[in-house]
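One structure below.
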Amino acid sequence: MLVTAYFAIIVLLALCVGLEFTARRLTPPQSTPTAVANPAFRRFQSIFLRAYLLALWADWLQGPYLYKLYRHYSFLESQIAILYVCGLAACVLFAPFSGWLPQVLGRRQTCLLFCVTYSACCLTKLSRDYFVLIVGRILGGLSTSLLATTFEAWYVHRHLDVHDFPKEWIPSTFNKVATWNHGLAVGAGLVANLLAEWLHLGPVAPFLLAVPCLGVIRLSAKERFSRSCQEGLRCLLSDKRVLLLGGVQALFESVLYIFVFLWTPVLDPHGPPLGIVFSCLMAASMVGSLLYRLATSTRYHLQPGQVLCLAILMAFFSFFMLTFSTVPGQPRPHDSFLAFLLLELACGLYFPAVSFLQGRVIPEEKRAGVLAWFRLPLHLLACLGLLALHGEISGTGGGEGGGGTRHMFGGCAIMMLAALMAVISLFTLSRNDIDLRLEGCRGEGEME
């Protein structure tokens, strides 16, 4: 597995470079957008990107070695499952409040709250006390909820209501975030591996590095923003398209939380460098994102809805593979690693496709509230999955290599089939809705 991981990261990064050049060649040249030439907008965008990308970097640093840290502290897999459940449960509890906290506290205080709670979450990893680690997971759940809502909603409010920039300029900023985010994730895995493995600082080192990154985050504006959860819920219930899209997101992304818990115990017993493996997974996601750009280019004319169906099918096949590669007593780690790469490739296709559809079916002013409600069933499903895994582990005395992991992957495959049915229902309902199609392809017939 050691050689496989290093070989995979080299191949994937080379593939990313090749796809990037291909995507640029196939993308028709465009005139310089007005937004790029506007110095006030560029200054505002730079302030946001510096803060948000630092927050994302700190978040990614904690990905590769979380499970490894708990195992390093000699906790059982069933105990680790409870720690993960506590974090997800905190996300469920705090998600409805994260949208209006800035309205109550103000932007500066909410940003400070995110930095303080996430820093405290990282520092709790220094303790071997189980209760302290639970508190850390709860703080992590609060911080994750704030990260998922606060920065984006602050930006949209400042963009539209304070600076009065055109609404059409908003995607340019979040396209930059998406472009940088994959690179940050790959780099975070490499840096985490450098600290934990090469420098022998242990699995807690990446968490400590995240603290100073969080400490320098700041935004320079004082205005508040307002996002009503009630308006978000009303939009969700009044539009079937929004409801179906929320179902797809809840099903697909909840299994990603389960995957985040399971990938380490599946691969770690076979000795791979976890930071490099994490970078491989993030590079595979980057490949998927670049393939999305190619698939929706003027050369191939695929629609985001079609790409979304493909991503869900790939995820289903990945989990189907994992039900065979994690048979108790007969593990096939190379097959599991390949399945994990396929799942991340599907994620790279999924996120830009679902983001496009969200932008078309959810009004911009209600987006933060609606997405907060989307995350509620998402985290609940993930909690239920991990609790089921914990119950099976505790009841059978299993652990790594036990049948609970295989059964959980089977359940994830079933959830992917349910997500596929939701996508089919969405596009059956919106067959003639040109808003769900890319601008250049609206006249080419109905979406299948």
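One is the number of the first residue shown, and numbering goes on along the chain from there.
Glycine too: its Cβ is placed from the backbone N, Cα and C atoms.
Pulled from TrEMBL:
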- 6-26: transmembrane segment (TRANSMEM)
- 47-67: transmembrane segment (TRANSMEM)
- 79-98: transmembrane segment (TRANSMEM)
- 134-156: transmembrane segment (TRANSMEM)
- 201-221: transmembrane segment (TRANSMEM)
- 242-263: transmembrane segment (TRANSMEM)
- 275-295: transmembrane segment (TRANSMEM)
- 307-325: transmembrane segment (TRANSMEM)
- 337-357: transmembrane segment (TRANSMEM)
- 369-388: transmembrane segment (TRANSMEM)
- 408-429: transmembrane segment (TRANSMEM)
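In this chain, the transmembrane segment (369-388) lies apart from the transmembrane segment (337-357): fewer than three C-beta pairs between them fall below 8 angstroms, excluding pairs fewer than 6 positions apart. It is 47-67 that, among the stretches 6-26, 47-67, 242-263, 337-357, 408-429, forms the most Cβ pairs under 8 Å with the transmembrane segment (134-156). Here the transmembrane segment (6-26) does not touch the transmembrane segment (79-98). Their Cβ atoms form fewer than 3 pairs under 8 Å, with each pair 6 or more residues apart.
Between the transmembrane segment (275-295) and the stretches 47-67, 242-263, 307-325, 337-357, the greatest number of Cβ pairs separated by less than 8 Å involves 337-357.
The stretch from 47-67, 79-98, 242-263, 307-325, 408-429 with the most CB pairs below 8 A to the transmembrane segment (201-221) is 47-67. Counted over residue pairs separated by six or more positions, the transmembrane segment (408-429) shares at least 3 Cβ pairs under 8 angstroms with the transmembrane segment (242-263), which defines the two as touching.
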